[in-house]
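Asker: Below: one structure in structure tokens.
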Amino acid sequence: MKFFTTGLLATAALAAAQEQQVLQAEDGMGRAPLPDSSIFDETLQKFQSSLEDGISHFWSEMKTNFKDYLPLISLPKKHTRRPDSEWDHVVRGADIESVWVQGADGEKRREIDGKLHNYDLRVKAVDPGVKQYSGYLDDNDADKHLFYWFFESRNDPKNDPVVLWLNGGPGCSSLTGLFLELGPATIDKNLKVVSNPYSWNSNASVIFLDQPVNVGFSYSGSSVSDTVAAGKDVYALLTLFFKQFPEYATQDFHISGESYAGHYIPVFAAEILSHKNTNINLKSALIGNGLTDPLTQYPQYRPMACGEGGYPAVLDQGTCRSMDNSLERCLSLIETCYSSESAWVCVPAAMYCNSAILAPYQQTGMNPYDVRTKCEDMASLCYPQLNAITEWLNQKPVMQALGVEVESYESCNSGINRDFLFHGDWMKPYHRLVPSVLEKIPVLIYAGDADFICNWLGNKAWTEALEWPGHKKFAETKLEDLKIVDNKNKGKKIGQVKSSGNFTFMRIFGAGHMVPLNQPEASLEFLNRWLRGEWH
């Protein structure tokens, strides 16, 4: 779903460490201590001596305030694996890996690249009324099982493109994106399924993937705690899926997502593009309200919260000045993280910056995903409709129809969010992969302009600052009006757009963090035009 601030900001507030321990005890997450908590002390002592004073002091604070918190791990989800006989198809990665062909140079090579022998794909037809499949990608060596749900295009599935959708968090299920934003249906307060006329599968087939493991209906006996580790799983999923359904493999493929997918997508796209012989016809990448380059994006939080992003100020002048005063240290920590990419410096950067720069907004009670509204229900990430979606997905008949193997569904897993944070993933410079991606495919960065947490000012700033061969021309290109051209509202302004070479940025008017939720017509409009090749 979205950039998962709840657990992060609670963790970031060092002054409220004791309260945080109480909150974590009450959140229902199963946790178990490491065999020997003294390991943390010993490891910390070894590394502290080599760290600069500010960072060393931070880890001393962490040791005091989070002594019992840091060494905790999430327990695996309870699950029951269904026998292969209950699935309509089982695709073996080992079978794909064993196929060799003769190349144009006369040399033998594998038909499809990549380490696939440890993966299987299980497939189940869900509903004959709407062609859809669900199932699991299994990494048998690592005991990882990723849940996916595929919906065929409503229009022309034999020719329409295929889109992969990824929610962020990290730790939020893509099924919230399915039912809250852009899927073929939503769930009302009476748990009734309601059709969505603006679904992204209007002119494309769409795959929703719960990743990393232990998110949504996915599960594992282990965990994934950084973005890079998840990339190979996504490559395997797509390879095995298109092998089972070659009719979709010939179509254009696009990878899309929002929020922390600003981390995921550069890595996943680079992983796919690194393989020469593949059945994935990757044509573009789309990131909505993403976090991609923290060093460039964090300076834009104060302007967005203080009335310079097109909406009234949420914070008072004193708080805005305090954020300005904290920014220099925040950026210094991020720069150190960018230089080393070590958790020992990237974690302090995330903890300090989120406490000093993000927490003041969070403490107002306003919705961090939409500066225009109060947060109605923090437990449901400010969107009470999530409660109905979660309740519907937890119904036994629904889980049975989908082939689900876990006992329950939750929209976001705070343990995953914490794991990524404490492995230093949050502040890492994944934007550095974007230039190599731009060499091969177009990239669209779009942003609802009412979002605070991954705001349009920050996304515009990092796209204009990115160093790539087309940097100067893109940075100098002015924003132009983005208008509807595809329906009866032709001529209606829905935002602004700038594009040069393979790079495009869009500001979408009147949308928060989740553009398809707030502006469904505009969302489908720009998606359809992007998939047709406009702006690239």
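Yeah, the Cβs are placed from backbone N, Cα and C, and that goes for glycine too.
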Asker: Cys330, Cys375, Cys382: which one closes the disulfide with Cys353 in Swiss-Prot?
Answerer: Cys330
Asker: Taking Swiss-Prot as the reference, Cys337 is linked by a disulphide to which residue in Cys320, Cys346?
Answerer: Cys346
Asker: Including all protein chains displayed, how many Cβ atoms other than that of Cys375 (disulfide bond) lie within 10 Å of its Cβ?
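Answerer: Excluding its own Cβ, the number within 10 Å is 18.
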Asker: Name the residues of the same chain, 6+ apart in sequence, whose Cβ is under 8 Å from the Cβ of Asn203 (N-linked glycosylation site)?
Answerer: Ser153, Arg154, Asn155, Asp156, Asp160, Asn528, Leu531
Asker: Here are some disulfide-bonded residues: Cys320, Cys346. Which one has the most Cβ atoms within 10 Å of its Cβ?
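Answerer: Result of the Cβ crowding comparison: Cys346.
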Asker: Counting only other Cβ atoms and using a 10 Å cut-off, which of the recorded positions Ser259, Asn502 scores lowest?
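Answerer: Looking at the recorded positions Ser259, Asn502, the Cβ with the fewest others within 10 Å is that of Asn502.
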